[in-house]
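> Annotations per TrEMBL:
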DOMAIN    228-485  domain 'GP-PDE'
REGION    587-610  region 'Disordered'
TRANSMEM  43-63  transmembrane segment
TRANSMEM  90-114  transmembrane segment
TRANSMEM  126-143  transmembrane segment
TRANSMEM  163-181  transmembrane segment
TRANSMEM  193-213  transmembrane segment
TRANSMEM  498-517  transmembrane segment
Amino acid sequence: MVRHQPLQYYEPQLCLSCLTGIYGCRWKRYQRSHDDTTPWERLWFLLLTFTFGLTLTWLYFWWEVHNDYDEFNWYLYNRMGYWSDWPVPILVTTAAAFTYIAGLLVLALCHIAVGQQMNLHWLHKMGLVVILASTVVAMSAVAQLWEDEWEVLLISLQGTAPFLHVGALAAVTVLSWIVAGQFARAERSSSQVTILCTFFAVVFALYLVPLTISSPCIMEKKDLGPRPALIGHRGAPMLAPEHTLMSFRKALEQKLYGLQVDITISLDGVPFLMHDVTLRRTTNVEEEFPELARRPAAMLNWTLLQRLNAGQWFLKTDPFWTASSLSPSDHREAQNQSICSLAELLELAKGNATLLLNLRDPPREHPYRSSFLNVTLEAVLRSGFPQHQVLWLPSRQRPLVRKVAPGFQQMSGSKEAVASLRRGHIQRLNLRYTQVSRQELRDYASWNLSVNLYTVNAPWLYSLLWCAGVPSVTSDNSHTLSQVPSPLWIMPPDEYCLMWVTADLISFTLIVGIFVFQNYHLIRWRLGGIRSYNPEQIMLSAAVRRTSRDVSIMKEKLIFSEISDGVEVSDEFSVCSDNSYDTYANSTITPVGPRRGGSSTKTLTDRSGR
């Protein structure tokens, strides 16, 4: 005889509703399912995981290359013809896309943890495909247009890899909870072995990653060399308009080692300071002389060049996001800057700083095309500027320069064989920071060659080069780097080894503990024997939270096997027999009294007593 009881009350599961609702728009209880995830949805999960890794790499790339944001803007300016701050919106968009993908991945992992069937909503699938395609296109474009910049990733890992390794250990330790749950629910021994071997292969590979990490900052503190000298790139371009007297004065106030300048020559033979070919970016030529805006700066007379304003663009475009930090007096001074001549700079810097001189050749039709170097050299010598404080970068007519100005320090802008450098009496190299390795730095030092690297703006990069033993760097951000008292981090090898081993041991201990805790019922069953259990109870004890349809049927089979001996069942079972087998996952069978024939009647109750 079967007695019916009133329907039980279901408490709303807010967290589970939000979990399945946000991920798959399954807000209602009857829409959720403990069935196995379909192969198609598993494929979407793999695609989601791959996109997460790709967007994480892309976000890390854009975060680390902030050292070269101005270089990237200038590169696009030359191609597009107008100035805009491109990296910031790219970084914000990338961060938003990564946050969205990371949120979806967390929801998917939560589905796995609670045994819910994954069913990614079609809107999320569209967003996933769009983000994946956009990221692939963007990375391909940068790889073609800005190929050298990918080397920054490898350089940055020299400074961040030890800490990224600890973060990866923490992440894989947390994920072990989900993996251990999947191991416990696996119905076949082969599946369990596959899960266990794959996971621990990844874990042990991660434990050994530090063997591949090589950082110049893993060194004894006593071996740290002197701070790299700072050379102001076109003055102090973050504090004042580049290549103006104000910019050079700001740099000299910081007591920098030197100033880097780009020299060109006017149509009437006056050397002046200008980096770009035209005047469009750094002057108001489009307002004053729109018909001359696209003409080379060297094709204008000095009288006309002096009429242009060379400071308003800095306040308008704010290329380094620093214009707002200027004091009112500095703001007024920057607004009234003009193009600086070489003679004005030589007078200002005489006896105060070393000058790194780079020459920009004038157009072919320029009247001083063949004599530009001689005119510049004569201007430097005529000014009385100390020759030993001149770093001469142009490679043309070096024998003539050495003969006329033997005190100049000859500098090369390219890597050459040592024999060639010595024949040219080269004393210094001026290279981009991505062009030289630590071993090459040591080799150059052994050959008495000093190396200057450009353009170094980020403190992390400055710290890394400091540890590597770089003698000097050219920087836009000299006012910040001059305040760096020591490398951001420096760690003796013994301390790093101790940190590495300790982190591995803690991670391994936690992972083993998680696996033991998650598989407690399975271990207890295997150690305690199976004679006191029927087959259905063995399956349920081995996987209390098993979620496949087969196990749900097993639960139903157990229930009805007890009903055949006389079980009191509530109406709830008939209501929830479709997708709510989990209601009975933690249920127990208790006797309620004797029945005819000496048997006992039993009722199904949950552990809360209902």
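Backbone N, Cα and C define each Cβ position, glycine as well.
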> Compare 43-63, 90-114, 126-143, 163-181 by their Cβ pairs under 8 Å to the transmembrane segment (193-213) and return the stretch that comes out on top.
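Per the Cβ under 8 Å count, 163-181.
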> Taking the transmembrane segment (126-143) as the reference, which of 43-63, 90-114, 163-181 gives the largest number of Cβ pairs under 8 angstroms?
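Answer, by Cβ pair count: 43-63.
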> Report, as numbers and ranges, which residues of the same chain sit near the transmembrane segment (498-517): CB under 8 Å and 6 or more residues beyond its ends.
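Beyond its ends, the transmembrane segment (498-517) has Cβ neighbours at 162, 165-166, 169-170, 172-173, 176-177, 180, 183, 203, 207, 210, 491, 523.
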